[in-house]
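Colleague: This is the structure, below, for whatever I ask next.
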Amino acid sequence: MKQINITTPSKNYPVYVGEQAITKLGEVLQSLTPAPKNVLIITDHNVGELYLKDVQAELDQKFSYESFQIKPGDSQKSFENYYACQSFALEKGLDRTSVILALGGGMIGDIAGFVAGTYMRGIRFIQIPTTILAHDSAVGGKTGINHPEGKNMIGVFHQPEAVIYSTDFLSTLPENEIRSGFAEVIKHALIADPSFYEYLRKNITTLNDLKDEHLLNCLTRGIEIKNEVVSQDEREKGIRAFLNFGHTLGHAIEGELRYKDITHGEAVAHGMLFALSLKEETIQLGKNLKRWLHDLGYPTTPKNLSVSSLINRMKKDKKAAGRTINMVLLEQTGHPYIAPYQAIDLEEKLTEFLKEN
Ligand code: ADP
Ligand code: ZN
């Protein structure tokens with residue numbers, strides 16, 4: 001098992017990654033002061049069905065616990081479910097010493113973290129991620145829910161006490177979820193670590209390679225890179241924006257497809273290819289990446305996307321400023337920078353890109 005120590009201005013905490021990392025749970029809870037009165041596990045039906053009993057087994061006879069399950073899917077990151085969790089926590093008598101366990105993918109991490117961040121003005125929580133994508137969302141302290149007006153519109157920064165990443169829990173992930181999470185690993189490599197990128201290119205030639213030692217390396221290096229960036233910029237004022245590589249177009253594609261038919265990471269993969277196509281120096285890198293993604297079974301860019309609608313969405317991006325769209329590009333692997341584009345210029349480039357991809 002590997003341990004990564006996350007350092008942020010507001011808090012330091014450990015991430016345990018490896019087979020059976022869940023066996024650390026009792027120890028982590030016991031080390032907390034004040035000792036928790038009780039524990040609330042929040043999960044979704046899919047993950048609950050598969051792994052709730054494993055988590056409960058770690059708590060049995062040591063801690064009193066309750067479990068609350070919500071339906072799977074990002075649309076469940078809703079105010080209604082948030083409120084239902086709060087009501088359940090009140091009914092079960094959670095107090096300020098209680099601890100919430102977020103057992104699931106990014107969706108559960110976000111909503112359970114937000115419940116923890118606001119219940120009685122904030123109680124402690126532990127992330128137990130079960131997707132590859134969650135290597136990204138479990139670090140950085142962002143929690144929240146969606147509003148009909150937009151995703152992640154309501155939330156708080158709230159850091160967990162620990163992250164327990166039991167890689168055995170990832171063995172049941174569907175293929176598209178593996179692709180979704182791995183795209184974010186590739187992103188971390190591209191923005192920060194050329195030798196990690198080479199390692200991935202060499203060793204991950206099919207999705208089947210994403211297990212054991214390689215899976216462990218992907219999660220740990222991904223988390224380390226995210227931590228390096230976030231710890232320098234916890235509240236997203238500067239370099240944290242580099243984590244947005246591939247996301248300006250990625251988010252727009254997800255939005256256009258109403259968050260159906262494409263996973264987050266698959267959309268980000270298209271966004272990264274577009275970003276690499278924008279600069280002469282990275283065109284070849286983009287072509288190689290495209291071939292590799294194709295071999296890994298990533299879908300081609302969806303047809304029938306409206307360029308003007310995509311550009312409109314990109315203009316509304318939280319990171320955009322007026323008519324200028326800020327794109328994260330690479331000078332080369334490991335060297336990201338922000339390039340402002342006039343919407344009209346980007347529209348032309350995007351039209352060309354969608355024709356060719
Ligand atoms: P993320 O935001 O990290 O992609 P989600 O929380 O949206 O993750 O989960 C994606 C889907 O995968 C959901 O339907 C969820 O129930 C399911 N899921 C999460 N973890 C696992 C797992 N380990 N095995 C099988 N299905 C899982
Ligand atoms: Zn992302």
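Including glycine, each Cβ sits where the backbone N, Cα and C put it.
A TrEMBL annotation is a machine prediction, not a hand-curated record.
TrEMBL lists these features:
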BINDING   Thr130, Thr131, Lys142, Lys151, Phe169, Leu170, Ser171, Thr172  NAD(+) binding site
BINDING   Glu184, His247, His264  Zn(2+) binding site
DOMAIN    68-179  domain '3-dehydroquinate synthase N-terminal'
DOMAIN    181-320  domain '3-dehydroquinate synthase C-terminal'
Colleague: Mean pLDDT for the domain '3-dehydroquinate synthase C-terminal' (181-320), as a whole number?
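Modeller: A mean pLDDT of 93 is what the model gives the domain '3-dehydroquinate synthase C-terminal' (181-320).
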Colleague: Using DSSP, what is the helix/strand/coil residue split across the domain '3-dehydroquinate synthase N-terminal' (68-179)?
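Modeller: When I sort the residues of the domain '3-dehydroquinate synthase N-terminal' (68-179) into the three classes, I find 47 helix, 34 strand, 31 coil.
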Colleague: Do you know offhand how many angstrom separate Lys142 (NAD(+) binding site) and His247 (Zn(2+) binding site) by C-alpha?
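Modeller: Cα-Cα, rounded: 16 Å.
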Colleague: May I have the list of same-chain residues other than Glu184, His247, His264 whose Cβ is within 8 Å of the Cβ centroid of the recorded Zn(2+) site, in sequence order?
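Modeller: So the extra residues in range turn out to be Leu133, Asp136, Ser180, Ala183, Lys187, Gly246, Gly250, Gly265, Ala267, Val268, Gly271.
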Colleague: Tell me the residue counts in helix, strand and coil for the domain '3-dehydroquinate synthase C-terminal' (181-320), as DSSP assigns them.
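Modeller: Its residues fall into 101 helix, 0 strand, 39 coil.
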Colleague: Near ligand 1, which of the binding-site residues Thr130, Thr131, Phe169, Ser171, Thr172, Glu184 are found, taking a Cβ distance under 6 A to any of its atoms?
Modeller: Thr130, Thr131, Phe169, Thr172
Colleague: Can you count the other CB atoms that lie within 10 A of the CB of Phe169 (NAD(+) binding site)?
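Modeller: Counting Cβ neighbours of Phe169 (NAD(+) binding site) within 10 Å gives 24.
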